[in-house]
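> Sharing the feature lines straight out of TrEMBL:
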type    : residues                                                                       : note
BINDING : 12-17, 59-62, 97-106, Asp132                                                   : FMN binding site
BINDING : Arg350, Arg382, Ala383, Phe384, Ser385, Gly416, Leu417, Cys418, Ser419, Trp607 : FAD binding site
BINDING : Thr460, Ser515, Arg516, Lys532, Val533, Tyr534, Val535, Gln536, Asp569         : NADP(+) binding site
DOMAIN  : 6-150                                                                          : domain 'Flavodoxin-like'
DOMAIN  : 206-446                                                                        : domain 'FAD-binding FR-type'
Amino acid sequence: MPSARLLVLFGSQTGTAQDVSERLGREARRRQLSCRVEALDSYPVVNLINEPLVIFVCATTGQGDPPDNMKSFWRFIFRRSLPSTALRQMDFAVLGLGDSSYAKFNFVAKKLHRRLLQLGGSALLPMCLGDDQHELGPDAAIDPWLQDLWEKVLGPHPVPLNLDLSPPGVLWPSKFTLQFLKDTPSSGPEELCAAGTDPQGPPSELQPFLAPMVSNQRVTGPSHFQDVRLIEFDISGSGISFAAGDLVLIQPENTASHVQQFCQALGLDPEQHFTLQPREPGVTCPTRLPQPCSVRRLVSQYLDIASVPRRSFFELLACLSPHELEREKLREFGSARGQEELCEYCTRPRRTALEVLCDFPHTAAAVPPDYLLDLLPLIRPRAFSIASSLWAHPSRLQILVAVVQYQTRLREPRRGLCSSWLASLDPVQGPVRVPLWVRSGGLTFPKTPDVPVIMVGPGTGVAPFRAAIQERVAQGETGNVLFFGCRRRDQDFYWEAEWEQLQARGCLTLVTAFSREQDSECLPPAAPQEQKVYVQHRLRALGPLVWELLDGRGAHFYLAGNAKYMPADVCDTLLSIFREEGGLSDPDAAAYLAQLQRTLRFQTETWA
């Protein structure tokens with residue numbers, strides 16, 4: 001290798017890949033290596049030809065998709081015009097993050113590794129495939145892989161004799177300094193920052209639209225186990241436009257009680273204002289953070305105090321702790337040998353960063369404000385399928401939100417930050433505004449007239465299909481077949497009256513599966529009476545119709561919902577339909593499905 005200059009590039013959807021990349025950067029600097037850490041889409045990709053040593057850290061999302069912040073890089077790196085010697089000077093390593101319960105486990109990392117080899121790069125060592133399903137999480141694979149990585153990197157370039165390897169417990173300078181203001185600013189830069197949209201373009205993450213909430217209605221029955229909300233926003237004057245299949249992103253906030261608890265634990269005055277300054281050149285402040293900013297706004301709208309903290313949180317907290325007993329425990333949680341205990345304490349029960357800080361009160365009270373942005377990740381926006389069409393609801397945007405709440409061994413129930421926050425907002429009590437913006441989704445519907453569509457959307461997975469059906473019906477398209485599944489007709493049958501009205505007009509064929517209501521007609525002959533009925537059973541029972549629509553009329557097939565089991569079950573059902581109704585062999589049925597996927601006649605939008 002010509003140089004030990006190291007570049008770490010990451011593609012991260014939930015923040016884990018970024019956290020691992022920053023850990024790589026810290027460990028590189030401990031070894032006296034020059035190291036830069038950047039998101040893949042922030043890096044000028046044409047400069048890769050000049051990089052001698054690159055570590056790629058990338059997550060896999062959805063059904064084998066790259067994260068949002070590496071999609072531009074992904075399109076570039078797979079250009080057919082790139083020569084096979086483009087990266088011949090580069091040594092590289094790939095660290096993947098995924099979940100082995102999904103069919104395309106670490107698909108992005110595997111595909112990127114192959115592509116870098118095709119372009120002439122030299123792999124320093126085999127891929128690391130971190131797995132969320134391992135009882136110790138991705139670190140079970142990452143820890144030994146990093147040991148091998150540093151041996152490979154430092155073999156030709158050991159630490160110079162006059163420089164020592166910094167011990168793990170050394171406290172590095174914070175990325176930023178918080179300079180507190182003596183006086184509260186008289187003008188309101190915080191309010192100005194969030195008041196409306198960028199006149200140069202549509203709303204975005206940097207400048208969201210503060211959408212008035214029109215209604216917030218529970219649409220599940222009172223005895224149903226889950227609270228599901230249909231929420232409507234007024235987007236008049238926003239410049240927002242969207243089509244069926246698009247997503248809305250919403251920026252949530254921490255609860256007022258959690259903000260107060262955090263400020264008390266760290267001894268912060270929520271009304272105090274500050275400005276933020278980066279310590280090093282080339283480091284930029286978080287773009288959404290106003291300057292100056294109040295502590296209350298920083299904690300309520302930016303710091304993700306309700307997230308489950310990662311290992312790096314404990315490593316840094318141990319460095320900051322003045323209390324011997326707390327420091328030793330934090331060090332153990334941050335060490336490789338302490339990962340099983342950390343999993344038992346934090347990961348399994350889903351203990352939040354705020355709860356950890358309250359468990360270590362002496363340490364929390366000693367955290368310097370300068371380190372807040374090193375210690376805690378920023379709150380990430382949450383994406384929801386848009387559940388309405390502008391053709392049917394002009395100047396309105398609707399979403400279907402399942403409020404996340406579950407119990408672990410901890411006394412307090414675990415709650416989803418965004419869904420719980422949205423459910424708590426009541427426009428009847430007074431004006432409510434929610435920061436949001438729109439981006440293209442993973443589903444695109446046919447533009448050609450008279451092309452039928454088959455949509456499979458159990459539970460809240462039906463949301464994007466409501467938008468599609470409204471849009472298609474408004475355009476005169478009647479070839480709409482919807483397979484909808486839920487538990488009970490009287491508890492969670494979303495939009496029942498709307499579907500029945502469209503059926504009566506001849507605009508929709510609706511097929512339902514109520515898993516807690518017995519219906520033996522769609523079960524296999526040998527199935528026990530107590531077997532639940534799901535959408536895949538309905539699909540199989542209507543196999544001749546599905547085959548005729550796909551093979552005879554060129555229909556498009558869409559699937560949306562939970563990513564864990566349902567997509568694989570539906571795909572297996574389709575393969576059996578292709579074999580039994582189409583007379584295809586196993587290889588030909590698999591090839592037929594692959595062809596549908598390649599031509600975008602089979603599309604999915606799934607989530608964990």
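Just so it is clear, glycine is given a Cβ too, placed from its N, Cα and C backbone atoms.
Because the structure is a prediction, the values reported are computed rather than measured.
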> Work through the binding-site residues one by one (Gly15, Asp99, Phe105, Thr460, Val533) and name whichever has its CA nearest to the CA of Leu417 (FAD binding site).
Gly15
> What are the helix, strand and coil residue counts for the domain 'Flavodoxin-like' (6-150) according to DSSP?
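So the domain 'Flavodoxin-like' (6-150) is made up of 58 helix, 34 strand, 53 coil.
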> Look at each of the binding-site residues, Asp99, Asp569, and point out the one with the fewest other Cβ atoms around it within 10 Å.
Asp569
> Based on Cα distances to Gly62 (FMN binding site), point out the closest of the binding-site residues Arg350, Thr460, Val533.
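Minimum Cα distance from Gly62 (FMN binding site) across Arg350, Thr460, Val533 lands on Thr460.
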> Looking at the binding-site residues Gly15, Gly62, which one has the fewest other Cβ atoms within 10 Å of its own Cβ?
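Result for the binding-site residues Gly15, Gly62: minimum number of other Cβ atoms within 10 Å at Gly15.
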> Specify the nearest of the binding-site residues Phe105, Arg350, Ala383, Ser385 to Thr460 (NADP(+) binding site), where nearness means the distance between Cα atoms.
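Nearest in space to Thr460 (NADP(+) binding site), counting only the binding-site residues, is Ser385.
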> Between the binding-site residues Ala59, Ala383, Leu417, Val533, where is the Cβ count within 10 Å the lowest?
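Lowest Cβ count within 10 Å among the binding-site residues (Ala59, Ala383, Leu417, Val533) is Ala383.
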> Of Tyr102, Phe105, the binding-site residues given in the record, which has the fewest other CB atoms within 10 A of its CB?
Phe105
> Give the distance between the Cα atoms of Asp99 (FMN binding site) and Arg350 (FAD binding site), rounded to the nearest whole Å.
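Between the Cα atoms of Asp99 (FMN binding site) and Arg350 (FAD binding site), the distance comes to 17 Å.
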> Determine, using Cα-Cα distances only, which of these binding-site residues is closest to Ala59 (FMN binding site): Ala383, Ser419, Val533, Val535, Asp569.
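It is Ala383, whose Cα lies nearest.
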> Give me the non-local Cβ neighbours of Val535 (NADP(+) binding site): same chain, 6+ apart in sequence, Cβ-Cβ under 8 Å, ordered along the sequence.
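Counting only residues 6 or more apart in sequence, the Cβ neighbours of Val535 (NADP(+) binding site) under 8 Å are Val456, Pro458, Phe483, Phe484, Gly485, Ala513, Met566, Val570.
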> Look at each of the binding-site residues, Ser419, Thr460, and point out the one with the fewest other Cβ atoms around it within 10 Å.
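Least crowded of the binding-site residues Ser419, Thr460, by Cβ count within 10 Å, is Ser419.
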> Which of Arg350, Arg516 (the binding-site residues) has the most other Cβ atoms within 10 Å?
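The residue with the densest Cβ neighbourhood is Arg350.
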> List the residues of the same chain that sit at least 6 positions away from Ser12 (FMN binding site) in sequence and have their Cβ under 8 Å from its Cβ, in sequence order, or write 'none'.
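Residues satisfying the criterion: Gln18, Asp19, Ser21, Ala39, Val57, Cys58, Ala59, Pro67, Asn69.
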